[in-house]
Amino acid sequence: MSTTTPTADDDDVTLYIQDVTLRDGMHATRHHITPENVAVIAGALDSAGVDAIEVSHGDGLAGHSLTYGPGSNTDWEWIEAAAAVVHCAKLTTLLLPGIGTVAELKRARALGVQSVRVATHCTEADVSAQHISTARELGMDVSGFLMMSHLAEPQQLAEQAKLMESYGAHCVYVTDSGGRLTMDGVRQRVRAYRDILDAETQIGIHAHQNLSLSVANSVVAVEEGVTRVDASLAGHGAGAGNCPIEPFVAVADLHGWKHNCDLFALQDAADDVVRPLQDRPVQVDRETLTLGYAGVYSSFLRHAETAAKQYGLDTRQILLAVGERGLVGGQEDLITDIALDLAARQ
């Protein structure tokens with residue numbers, strides 16, 4: 001257990017920038033992207049100096065389904081495309097136990113994936129034991145990913161993080177899937193992690209922009225001792241997007257934090273390559289702000305918009321109802337039920 005809290009005032013703060021454009025960003029394009037575009041983005045990220053590049057369906061390996069959204073290509077086609085052009089960064093993927101299996105993990109490893117984030121709901125870390133331990137056996141860098149972290153109090157979340165550490169995770173994330181956490185919420189959770197985790201266990205932050213706080217939350221996290229930061233080109237991701245990598249890197253420069261990223265190269269990739277792929281602007285607007293306000297899983301946005309159009313509803317009505325019911329990832333099908341209930345009351 002750590003006895004001191006690291007601070008970002010130290011001259012030796014070195015960040016590990018994990019890009020999620022090609023995983024969380026899949027939600028923004030309904031999991032449709034060509035392997036050719038994956039290669040272009042992955043190559044640009046590798047050249048720009050990010051430490052790791054995550055590639056998979058938005059809901060992780062084997063996420064292709066009617067519930068989560070069928071992809072235009074398989075995980076394997078996307079991973080192979082990225083692996084062919086990534087020479088410096090660690091090729092990473094996401095796995096949700098119950099969706100992806102150990103078999104998929106092993107196949108990803110064989111294709112060149114070096115790092116995996118094993119994701120569970122914030123109170124269900126115990127289901128990650130087999131996948132984390134197997135990843136360690138495969139010689140992979142392994143992180144635990146506690147989704148919807150705002151739904152667990154700091155101490156409870158830290159206890160779940162400790163479980164993931166005990167299974168072999170090198171790092172555990174505060175994962176703000178709903179973009180609901182404010183700076184104080186992030187600060188409290190990172191401190192709770194640091195108080196209970198071993199000093200050598202790293203801590204990560206995965207922020208969403210739904211309340212326009214993703215950069216601020218990531219900065220606060222680093223100030224409290226986080227070293228791994230998730231970000232994406234142009235914030236490309238579910239809901240209002242992830243922490244946009246360009247402004248975060250700019251702020252890191254202003255703080256004097258060490259990293260390997262080329263800011264201008266990231267800006268060019270964001271504006272020239274990623275933004276043109278978006279069929280819906282990834283931004284804070286009335287729908288995505290409601291995600292954060294109601295604490296709703298960011299990937300529910302497109303599902304709610306589809307249901308709203310089908311049943312003549314305001315997307316915000318659906319999202320508020322989803323938040324009231326406390327739906328979590330994997331319950332996308334219930335969005336239609338909620339829409340039907342709301343439509344019947346009109």
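Cβ from N, Cα, C; glycine included.
In Swiss-Prot this protein carries:
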{"type": "ACT_SITE", "residues": "His27", "note": "active site, proton acceptor"}
{"type": "BINDING", "residues": "Arg23, Asp24, Ser177, His206, Tyr297", "note": "substrate binding site"}
{"type": "BINDING", "residues": "Asp24, His206, His208", "note": "Mn(2+) binding site"}
{"type": "DOMAIN", "residues": "15-267", "note": "domain 'Pyruvate carboxyltransferase'"}
{"type": "SITE", "residues": "Arg23", "note": "site 'Transition state stabilizer'"}
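Sequence features annotated in Swiss-Prot and their locations in the structure.
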{"residue": "Arg23", "record": "substrate binding site", "DSSP class": "coil"}
{"residue": "Ser177", "record": "substrate binding site", "DSSP class": "coil"}
{"residue": "His206", "record": "substrate binding site", "DSSP class": "strand"}
{"residue": "Tyr297", "record": "substrate binding site", "DSSP class": "coil"}
Taking every protein chain in this structure into account, which of the recorded positions Arg23, His27 has the most other Cβ atoms within 10 Å of its Cβ? Arg23
Max Cα-Cα distance in Å among Arg23, Asp24, Ser177, His206, Tyr297, the residues listed as binding substrate? 15
Averaged over the domain 'Pyruvate carboxyltransferase' (15-267), what pLDDT does the prediction give? 98
For the recorded Mn(2+) site formed by Asp24, His206, His208, which further same-chain residues have Cβ atoms within 8 Å of the site's Cβ center? Val20, Thr175, Asp176, Ser177, Gly179, Ala207, Ser214, Asp230, Ser232, Gly237, Ala238, Asn242, Cys243, Ser298
Name, in the order they occur in the sequence, the residues of the same chain whose CB lies under 8 A from the CB of Ser177 (substrate binding site) and which sit 6 or more residues away. Met147, Met148, Ser149, His206, His208, Ala238, Tyr297, Ser298, Ser299, Gly329
Residues other than Arg23, Asp24, Ser177, His206, Tyr297 within 8 Å, Cβ to Cβ centroid, of the substrate site? Val20, His27, Gly58, Met147, Thr175, His208, Gly237, Ala238, Asn242, Ser298, Ser299
